4 protein chains.
Amino acid sequence: MKQWNEKCAVVGTYNVDNAALKSYYALFAMQHRGQEASGISSSDGKKIYTHKGNGLVTKVFNEKNLKKLLGKISIGHNRYSTAGKESLDDAQPLFARYNLGEISIVHNGNLTNADFIRSQLIEAGAIFQSYLDTENLIHLIAQNKKEKLLDRIIDSIKVIDGAYALIFLSRRKMFAIRDPYGLRPLCLGKITNEDGSIGYITASESCAFDLVGAEYIREVNPGEMLIFEGIGEKIVTLTSLQVLPPRPYPCVFEFIYFARPDSKVFGKNVYEVRKNLGKELAKEYKIPADMVIPVPDSGVAAAIGFAKESGIDFELGIIRNHYVGRTFIEPTQSARELKVRLKLNPIAELIKDKEIIVIDDSIVRGTTSKQIIKILKIAGAKKVHLLISSPQTISPCYYGVDTPNSNELICATHSLEEVRKFIEADTLGFLSLEGLKRSIGTTHHNFCQACFDKNYVDDYTKGKK
Amino acid sequence: MKQWNEKCAVVGTYNVDNAALKSYYALFAMQHRGQEASGISSSDGKKIYTHKGNGLVTKVFNEKNLKKLLGKISIGHNRYSTAGKESLDDAQPLFARYNLGEISIVHNGNLTNADFIRSQLIEAGAIFQSYLDTENLIHLIAQNKKEKLLDRIIDSIKVIDGAYALIFLSRRKMFAIRDPYGLRPLCLGKITNEDGSIGYITASESCAFDLVGAEYIREVNPGEMLIFEGIGEKIVTLTSLQVLPPRPYPCVFEFIYFARPDSKVFGKNVYEVRKNLGKELAKEYKIPADMVIPVPDSGVAAAIGFAKESGIDFELGIIRNHYVGRTFIEPTQSARELKVRLKLNPIAELIKDKEIIVIDDSIVRGTTSKQIIKILKIAGAKKVHLLISSPQTISPCYYGVDTPNSNELICATHSLEEVRKFIEADTLGFLSLEGLKRSIGTTHHNFCQACFDKNYVDDYTKGKK
Amino acid sequence: MKQWNEKCAVVGTYNVDNAALKSYYALFAMQHRGQEASGISSSDGKKIYTHKGNGLVTKVFNEKNLKKLLGKISIGHNRYSTAGKESLDDAQPLFARYNLGEISIVHNGNLTNADFIRSQLIEAGAIFQSYLDTENLIHLIAQNKKEKLLDRIIDSIKVIDGAYALIFLSRRKMFAIRDPYGLRPLCLGKITNEDGSIGYITASESCAFDLVGAEYIREVNPGEMLIFEGIGEKIVTLTSLQVLPPRPYPCVFEFIYFARPDSKVFGKNVYEVRKNLGKELAKEYKIPADMVIPVPDSGVAAAIGFAKESGIDFELGIIRNHYVGRTFIEPTQSARELKVRLKLNPIAELIKDKEIIVIDDSIVRGTTSKQIIKILKIAGAKKVHLLISSPQTISPCYYGVDTPNSNELICATHSLEEVRKFIEADTLGFLSLEGLKRSIGTTHHNFCQACFDKNYVDDYTKGKK
Amino acid sequence: MKQWNEKCAVVGTYNVDNAALKSYYALFAMQHRGQEASGISSSDGKKIYTHKGNGLVTKVFNEKNLKKLLGKISIGHNRYSTAGKESLDDAQPLFARYNLGEISIVHNGNLTNADFIRSQLIEAGAIFQSYLDTENLIHLIAQNKKEKLLDRIIDSIKVIDGAYALIFLSRRKMFAIRDPYGLRPLCLGKITNEDGSIGYITASESCAFDLVGAEYIREVNPGEMLIFEGIGEKIVTLTSLQVLPPRPYPCVFEFIYFARPDSKVFGKNVYEVRKNLGKELAKEYKIPADMVIPVPDSGVAAAIGFAKESGIDFELGIIRNHYVGRTFIEPTQSARELKVRLKLNPIAELIKDKEIIVIDDSIVRGTTSKQIIKILKIAGAKKVHLLISSPQTISPCYYGVDTPNSNELICATHSLEEVRKFIEADTLGFLSLEGLKRSIGTTHHNFCQACFDKNYVDDYTKGKK
C-alpha cells in the first residue's frame with residue numbers, strides 16, 4: 001500500500017511574535033505547494049494548540065481560530081491536492097500526547113520504508129488513526145525509552161528511509177531535519193522581533209521569508225538537524241547536529257517546476273535557473289520562428305531565457321484565467337479542448353499565420369500539450385514548435401512527488417517522434433541532461449534526476465548502483 | 001483531569017440491510033441523549049468505514065455520506081453537549097488500525113480509573129490523539145498479545161472501572177458489553193430483513209427499535225458480553241458471555257429524567273415509572289390546589305400520575321417553544337426571566353388567581369425553578385406549590401452524568417426551607433427515597449441513587465461500605 | 001393564477017427600545033405560523049432598514065445583521081412553508097422607494113381580488129418583481145395622487161378584498177389594519193420602555209407580547225386602522241380610524257389549530273377554547289374506553305377537556321420527536337408508516353390490549369390518521385376510536401390558509417363510514433357545528449367556518465347569500 | 001446621489017444550445033470585469049427564468065441551478081466589486097413582469113441623468129426596489145403606451161444619457177444596444193449549433209467568444225440596436241437599427257487596463273495596443289537600465305513592448321500570488337508594505353544592485369506605487385525608474401468606471417515632481433496624450449480620454465465645448 005506525502009510545504013517559527021500568524025503568512029506564500037489541507041500547531045511553553053482543515057490557507061484559518069493558537073513557537077503545513085481523497089484525518093500537523101508530554105510534527109516528503117516500519121509498530125501494539133507515514137515517527141518516539149526527546153528523534157530518524165523535511169514541535173523546543181540526500185528543500189531565516197530579540201524561521205521555500213520580513217541565512221544541510229531551544233530565556237540557542245552523513249542529491253524538479261520563481265532553493269534562485277534552462281534549450285534547438293511564447297505560468301522564465309539567447313521575440317501569446325477553482329462546472333466530452341481553454345486562451349491576432357515556439361516545463365501524459373497546440377492552431381498559428389525545458393520524464397518519483405506510473409508517462413512508452421505525432425506539434429524537443437546540468441551551474445554535488453534517468457538515490461546507498 | 005463521557009447514546013446493528021441507515025434512524029430516535037456530535041462506523045466484512053461530525057444527526061449525515069458507509073454491520077454514537085468544548089477529535093466512534101486489523105468503538109458512560117490507565121499506557125509508549133477515556137480501550141486491546149480479539153476485549157474490560165455500555169466493531173464481528181453494575185442501559189432487539197434472514201440491534205433505549213421495526217428481546221445484563229458472529233454465513237451466531245460477575249445498580253436517573261417516556265430501560269417502561277413517581281408524590285404531599293401543571297416536557301408523566309392520584313385537575317398550563325436552538329440571540333442581563341420564557345410560557349388566563357401545583361423532575365441550581373415560579377406569579381398565580389418527582393440532588397455523579405460539583409447543587413448546600421425561600425415557592429416538596437423505590441416497584445436488585453444518598457456503587461465493591 | 005399569502009405572522013413595534021430585537025423575539029414566539037422565511041424592517045426616522053431571508057427566525061437573524069436594523073420602529077413577518085417554492089423575492093417585508101419617500105409592508109392573509117387589481121396595475125404601467133399580492137398595495141399607494149400617506153392607504157384598502165392583517169411602516173409612522181371580516185387575528189399591546197416612556201406592539205398572536213414584556217390591551221377591530229405617530233416627540237399618538245364598516249367573521253380555525261394555546265386571539269384564550277372543544281366532543285360521543293390520548297401537540301388541550309368531561313383517564317400515549325427537520329433522510333416507499341413514526345411513537349406498554357380514544361384536531365387527506373391508527377394497532381391497542389375536535393373539513397379556504405382543493409379533502413369526497421374504513425378506526429367521530437359554537441361560547445358575532453359549511457364571508461357581502 | 005454601474009460584463013446568447021451554460025462560460029471568461037455578483041436570465045419562449053447571487057460566477061452557479069435556466073436564449077451579468085456594499089437587490093439581471101409580459105435587463109455602464117429620470121418616474125407613481133439606474137429602463141418601458149416592445153425600448157433609449165451596453169430579454173426576443181458614444185464595448189459573434197443551425201452571442205469582450213466556440217463578427221456600433229428574433233422558427237432574424245446618431249468616443253481605458261489582453265475591443269486586439277503603449281513609452285523615455293520589469297499582470301504587455309523598442313532586457317522580476325482572496329487576514333498597520341507583498345514579491349537575486357525600469361498601467365492614489373518601489377529597494381535595486389503606460393489620471397470618470405474623486409487622484413493635486421518624491425522613484429514618467437494616440441493607431445474617430453484631459457463626451461453634445 002503506497003501512501004504519498006506529495007509535494008507539500010512546511011514551516012516552523014521559533015521565538016517570534018505572533019508565531020501562528022507568521023506561519024499563516026508563510027503557508028500562504030507557499031500555497032502553490034499544496035492546496036488540499038492546511039494546519040498549524042503552536043505552543044506557549046505549556047501546551048500545544050492545533051487547528052487544521054481542508055482547503056486553502058485562507059479558508060482554513062480566520063482571525064478567531066488563529067487567535068487561539070497562542071505562543072511564540074509554531075509549525076505549519078500545506079497538503080498537496082490529490083484527486084478523490086479528502087480526509088481530515090490525513091491533514092497535518094500530527095499531534096499526540098505521549099510519555100514525555102506533547103508533540104506535533106509536520107513533514108514534506110515520502111518515507112520509502114514506511115509500510116515496513118508501520119507493520120513492525122503495529123505488531124508491537126501501536127494503533128494508527130491516519131494513513132500518514134508521518135504517524136510512524138510519533139510512535140517511534142513514544143516507544144523509545146530514552147529520557148530526552150532529542151535522543152529519541154535521532155534514534156527514529158536513523159530508522160526511516162526516503163525523503164523528508166521534518167519539523168518537530170514540543171512544548172518548549174523545535175527540531176528541523178532534512179534527509180541525508182537533501183531531496184526536499186528546507187531553509188533557515190532570521191526574524192528580528194519588535195523588541196529587538198531574535199527569532200528563527202525554517203521553511204520549504206525562501207519566498208515565505210519575504211512575507212514575514214525574515215532574512216535568509218542558509219539551507220538546512222542534508223542530514224543536519226537544527227535544534228531551537230531557550231524560549232522565554234534571554235537568548236535563543238540554535239544548535240546544529242549532523243545526525244546522518246550527507247549524501248546530497250536534491251530534487252532537480254524543484255527548479256524545473258515546483259518552487260516559486262522568487263524562491264531560493266538549494267542555495268540558488270529558481271527564476272535564474274529557469275532562465276538558464278531556456279537559454280540552454282535555445283542553444284540546443286535553433287529553429288527559425290516569429291516569436292517564442294510560454295505556457296503560463298510555468299514556462300515564463302524559460303521562455304524569457306530562450307528569447308534572450310535566440311534573439312527571437314518573447315510574447316505572452318497565451319493568457320491564463322486565474323479564476324478556475326474546484327467548483328467549476330466542467331464541459332461535456334464533446335468539447336474536450338474547452339477544458340484547457342478554461343485556463344488558457346491564445347491571442348489570435350498575435351499568432352495568426354505565424355510560426356511560433358512554445359515553451360513548457362515538462363510533458364506527463366501529453367494530453368494537455370496536445371490541447372494547447374490544438375487551440376494555437378485553431379487561432380491560426382502556421383507552425384507550432386514545442387520545446388520542453390527539461391528532459392523526457394520516463395520514470396516515477398518515490399521521494400514525495402505525485403507522478404503517475406511509468407505506463408502513463410507518454411515519454412516512457414513512446415518514441416520522441418510518436419509523441420510529436422500524438423500532440424500534433426511541428427517540432428518537439430526536450431532539454432538534454434547535459435543542458436539541464438549546465439543550467440544549474442557549478443555545485444559541489446549532483447541532483448536527483450531519477451524521473452529523467454532512473455538513477456534513484458537509494459540505489460546508490462543500497463549498493464544497487 | 002476529569003473527562004466525562006456524558007449522557008450519550010450508542011447503537012449497534014448486525015446482519016441487517018442498510019445497516020448504517022438503521023443506525024442513523026436509531027441515533028435520530030435517541031437524539032435527546034446527545035446533540036453535540038454524532039458518528040457511525042460500518043463494515044462490509046473487508047473494511048471499516050467511518051463518518052462523524054459536530055451537530056445533530058440530521059446535520060452530520062446526508063444521503064451522500066451515508067451511502068459510503070457500506071455493509072450489514074454498523075455502530076453509532078450521539079455525544080452529549082457540554083458548554084464551550086466542540087472538538088471533532090472527541091467525537092465517536094473511535095477508529096484505529098492495529099495488529100489484528102481494524103476496530104471501531106462507541107461508548108456511553110464514564111471510566112472512573114481512566115486517568116490511571118492512561119498514564120500507564122503512556123508510560124508504556126502509547127500516544128493519545130483524543131481526550132476520550134475510550135481511547136484507553138483501543139490501546140489495551142492493541143497492546144494485548146493474545147491471538148483472538150475476544151480474549152483481548154475481555155482482558156481489557158477487566159482492567160477498567162466505572163460505567164459503560166460499550167459496542168466494539170471489527171471487520172466481521174460485533175461485541176456489546178455492559179458494566180457489572182449495569183449503570184447505563186443497553187437493550188437487545190431483533191430485526192427481520194426483507195429476505196427473511198434475522199439480524200440484531202443493540203441500543204441504549206428501546207425507542208430506537210420502534211423506528212427501525214425491531215422487536216425488543218431483553219436487556220443486556222450487567223457484566224454480560226454479547227458476541228455477534230457469522231456475517232455472510234447462513235446463520236448469525238449470538239453468544240452470551242458473563243464476563244464479569246453482576247452487581248446490579250442501574251442508574252435511577254434514567255427513569256427520572258434521561259430516557260424517553262416511550263422507551264423501556266432496565267426492563268421497565270419509563271412513562272409508567274414516571275406516572276408512579278407522580279402518584280407517590282401525591283400520597284406524600286396532600287395540598288389543596290386548583291390544578292396540577294407539569295414543567296414541560298420532563299414533568300408531564302409525573303403530573304398526570306399526580307393528578308390521577310390526587311383528583312386535582314391536570315392542565316398543560318405552561319407551553320414549551322421547541323424552536324430554541326444554539327443560534328438564538330440571547331437577551332441581556334437586564335431581563336433575566338426572559339431566558340426561561342424563550343422556552344416556557346404560561347397560559348395566563350388559566351392560571352390567574354389560581355392555586356397551582358407545579359411538577360418538575362429535579363432541582364440542580366434552583367435558578368430555573370425560581371424563574372418558572374416568577375413567570376407563573378407574573379401571570380397571576382395566587383399560590384405556586386413546587387413538587388419534585390425525585391429526592392433532593394445532593395451529590396455529583398461519577399458514572400456518565402454531567403452534574404455540577406456539590407457546591408453548585410443548591411440542595412447540597414441549603415436546607416429545604418432555604419431553597420424554598422430562594423425559589424420563592426409557597427410550598428416546596430421532594431419525593432422521599434422510599435417513594436422513589438415504591439414508584440419503580442419490585443425488582444430483584446437496587447438502583448444507584450448516589451446523587452440522592454451518596455452511596456456510590458464502587459464504594460461497595462471497594463469495601464468502603 | 002392563484003397566489004397564497006398563507007398562514008403567516010406579522011408584528012409591528014412603535015417607539016420601543018431595540019425595536020428590531022423586540023420584533024425578532026415576537027417573530028420567534030410566532031414561529032409556528034411560518035417557517036419558510038422571515039424578515040424585519042426598521043426605521044430610525046430617517047431611513048428604513050430591511051433584512052430578510054429564507055429559514056427560521058434564528059437562522060435568518062444574527063447579532064450582526066440585527067444591529068444594522070436601527071431605530072425605535074419596526075415591522076416583521078414570518079412566512080409559511082409551502083412545498084417546492086423557496087423564493088427570496090417573495091419574502092416579506094416588502095420595501096420600496098416611491099414618491100412620498102420609503103415604505104415597507106407586512107401582510108398576513110390573502111387578497112381575493114389580487115389578480116384583477118394586479119392586471120389593472122400592470123395595464124397602467126406598473127412592474128412587478130414578486131409574486132406577492134401584497135405588492136399590489138405598494139403600487140396602489142405609489143400611484144395615488146393624494147398628499148398624505150394615510151389617505152392613500154385608506155383609498156388602497158377600499159379597493160382590496162379578502163383577508164388581511166396589514167402593517168405599514170413609513171420612516172416616521174406605522175399603520176396597522178385588519179380586514180372588515182376580521183378573518184386574521186391582530187392584537188394590540190403596550191410596552192413600557194426603561195426610561196418610563198410608552199411604546200406599542202401589534203402582533204398576530206398575544207404570545208408574542210409575553211416574550212417582550214408587553215401588556216395586552218385589546219384586539220384591533222375588524223375594519224379598524226390604528227395610526228401610530230409622534231416618534232421622537234414627547235408623547236406617541238395612537239389614533240383609531242374605522243376605515244371600513246365591520247362585518248366580523250373571524251376564522252374559527254385559529255382556535256382549532258393555528259394559534260398557540262397560550263395566545264389570546266379574537267379576545268379569547270386558545271387553550272380554554274380547545275379544552276371546551278374536547279368537552280363538547282365528550283358530550284357528543286360517549287364511548288367506553290380505557291384512556292383518552294391526544295395526537296401531540298395539536299390534540300392535547302382537547303384531550304384534557306375530553307378526559308375531564310368523560311371521566312376517562314388522560315394519558316400522553318404518543319411521544320413526539322421534536323428534532324425532525326428539513327434535512328431528514330426520508331425512508332423509502334417500502335416502509336410508509338415510518339414517516340409518521342419519525343415524529344410520533346406510541347408507548348406500547350401503556351396501550352397494549354387497551355381500548356383507546358384518540359383526539360386530533362382535524363382530518364385533511366386521512367393518510368396521517370390512517371398511519372397513526374396503524375402504529376397504535378401495531379403497539380397492541382385493542383380498539384382505536386378517533387374523535388376529531390372540529391367538524392368535517394369539506395371546502396377549501398380562500399382567506400389565507402393553505403388547504404388543498406376539495407377533491408383532496410377526504411371528507412368532501414367520502415362518507416363518514418368510508419373515511420372510517422379507510423383510516424381503519426373502530427370509531428370515527430367529528431364535533432358538530434353546534435358543538436363548535438358552544439365551545440367558543442357567547443360572542444356578539446359569528447365566525448367564518450366556510451371550511452366546514454361552505455358559507456364564505458364575501459358571499460354575504462356580495463349578496464350571494 | 002450618485003450610483004455607479006461600475007465596470008461590469010454583459011453577455012447575451014440567442015438561439016444556441018444550452019444558452020444559460022454558454023452565458024455561464026462567457027461570464028467566467030469575463031470574471032475580471034466584475035467579482036461582486038453574477039446572474040443569468042434565460043427564456044424557453046414561454047417564461048423567463050432568473051438566478052443571481054453574490055460572489056464569483058463559480059460560486060453563484062452550480063449544475064443544479066443552471067439546469068433550471070431553461071431555453072435557447074439567455075442574458076448574463078458580472079457585477080464589479082465596490083467596497084462595503086453587498087446588496088443582492090442590486091445584482092443583475094433585473095427582471096419584472098409588466099403589461100407586455102416579462103422582461104429582463106443587463107447593463108454595463110452608467111446613466112448620467114439617472115437621478116433626474118428616477119425622480120420623474122417616482123413622481124409619476126413608480127416604486128423602486130433597487131438602487132440600480134437600470135431599474136429606470138424597466139419603468140420607462142412599462143409606462144410607455146406603445147404596442148410593441150421594440151418601440152418602447154427605442155423611446156426609452158432616447159430619454160437616457162450616459163454610457164451603456166444594454167441587453168434586453170423578452171420571452172421570445174433579445175435586443176442589444178450600445179450608447180451613441182460607444183463608451184462601453186460590445187461585440188457580436190456567431191455560434192453554430194450541433195445541428196448546424198445558427199445562433200448569436202453578444203458580449204462585452206471577445207474573450208468570451210473563444211470559450212464557447214463562437215466566431216467574432218464585428219462590434220455593435222455606437223447608437224446601434226441589434227434585434228434578435230425568430231426563436232423556434234427556421235431562421236433567426238438579426239436586424240440592425242441605428243437608433244441614435246453615432247458620436248463615437250469609446251473609452252480608451254479599456255485598452256490601458258480593463259479588457260483582457262486576448263480580447264478584441266473596439267475592433268482592436270488589446271495585447272497589441274498595450275505593446276504599442278510600451279513602445280511609445282520607450283520612444284519618449286530613453287533611460288539606461290539593466291532591465292525592464294512589469295507590475296504583474298497589468299503591465300506585462302507594455303513592458304514587452306518597451307523592452308523590444310529599447311533593447312533593454314525584459315524580466316519578470318516581480319512574482320504575483322494569485323491566491324489572495326476576500327477572506328485574507330490582513331496584517332496590522334505596523335507592517336504596511338506587507339499588504340502589497342501579499343500579492344507581489346520581487347526576485348531579490350535578479351534585482352540586487354541593478355538599475356531597473358518598472359512599467360505599470362496607471363497611478364491613482366500613488367500608495368501602491370510607493371510600496372512597490374519600497375519592496376524593490378529593500379530587495380536591493382540600485383535605481384527604480386517607474387514609467388506609466390498612460391497619461392496622468394487627473395479627472396474622474398462618469399461613464400461606468402469607479403474612479404475616486406479628483407482630490408484623491410494624486411496626479412490631479414500634485415506636480416509630477418511631487419508625485420515622484422512621494423513614491424520615492426528615481427524617475428517617474430507618463431506616456432503623452434500623443435503617444436497614447438499613436439499606440440492605438442489609425443481610427444476614424446477619437447477616444448474618450450476625459451480621465452486624462454477632462455474633455456467629457458457629453459460636454460460636446462451639450463454644447464459645452
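Including glycine, each Cβ sits where the backbone N, Cα and C put it.
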D:ASP360, D:ASP361 show up in TrEMBL as binding Mg(2+); which entry in D:SER263, D:SER298, D:SER432, D:SER439 does that record put in the same site? D:SER298
Binding-site annotation, TrEMBL, [4Fe-4S] cluster: partner of D:CYS397, D:CYS448, D:CYS451 in D:CYS207, D:CYS251: D:CYS251
When the Cα-Cα distance from D:CYS251 ([4Fe-4S] cluster binding site) is computed for each of the recorded positions D:CYS8, D:SER298, D:ASP360, which gives the smallest value? D:CYS8
Cβ atoms near D:SER298 (Mg(2+) binding site) (within 10 Å, other residues, all chains): 18
DSSP says D:CYS251 ([4Fe-4S] cluster binding site), in three-state terms, is strand
Restricting the comparison to the binding-site residues D:ASP361, D:CYS397, D:CYS448, D:CYS451, which residue's C-alpha is spatially nearest the C-alpha of D:CYS8 (active site, nucleophile)? D:CYS397
Neighbourhood of the Mg(2+) site (D:SER298, D:ASP360, D:ASP361): other residues with Cβ within 8 Å of the Cβ centroid, in order? D:ILE256, D:TYR257, D:PRO294, D:VAL295, D:GLY299, D:ALA302, D:ILE359, D:SER362, D:ILE388, D:SER389
Residues near the [4Fe-4S] cluster site, D:CYS251, D:CYS397, D:CYS448, D:CYS451 excluded, by Cβ within 8 Å of the Cβ center? D:LEU183, D:VAL252, D:PHE253, D:TYR399, D:VAL401, D:GLN449, D:ALA450
Take every residue in the domain 'Glutamine amidotransferase type-2' (D:8-231), average their pLDDT values, and give the whole-number result. 92
Which of these recorded positions has the least crowded Cβ, counting other Cβ atoms within 10 Å: D:CYS8, D:CYS251, D:CYS397, D:CYS448, D:CYS451? D:CYS397
Give the number of CB atoms, excluding that of D:ASP360 (Mg(2+) binding site) itself, located within 10 Å of its CB. 21
Residue from D:SER298, D:ASP360, D:ASP361 whose C-alpha is spatially nearest that of D:CYS448 ([4Fe-4S] cluster binding site), among the binding-site residues: D:ASP361
Tell me the Cβ neighbour count for D:ASP361 (Mg(2+) binding site), meaning other Cβ atoms within 10 Å of its Cβ, over all protein chains shown. 22
Three-class DSSP assignment, D:CYS448 ([4Fe-4S] cluster binding site), comes back as strand
Could you check what DSSP calls D:ASP360 (Mg(2+) binding site) once collapsed to helix, strand or coil? strand
What does DSSP say about D:SER298 (Mg(2+) binding site): helix, strand or coil? coil
D:CYS451 ([4Fe-4S] cluster binding site) versus D:SER298 (Mg(2+) binding site) - Cα distance in angstrom: 18
In which DSSP state, out of helix, strand and coil, do we find D:CYS397 ([4Fe-4S] cluster binding site)? coil
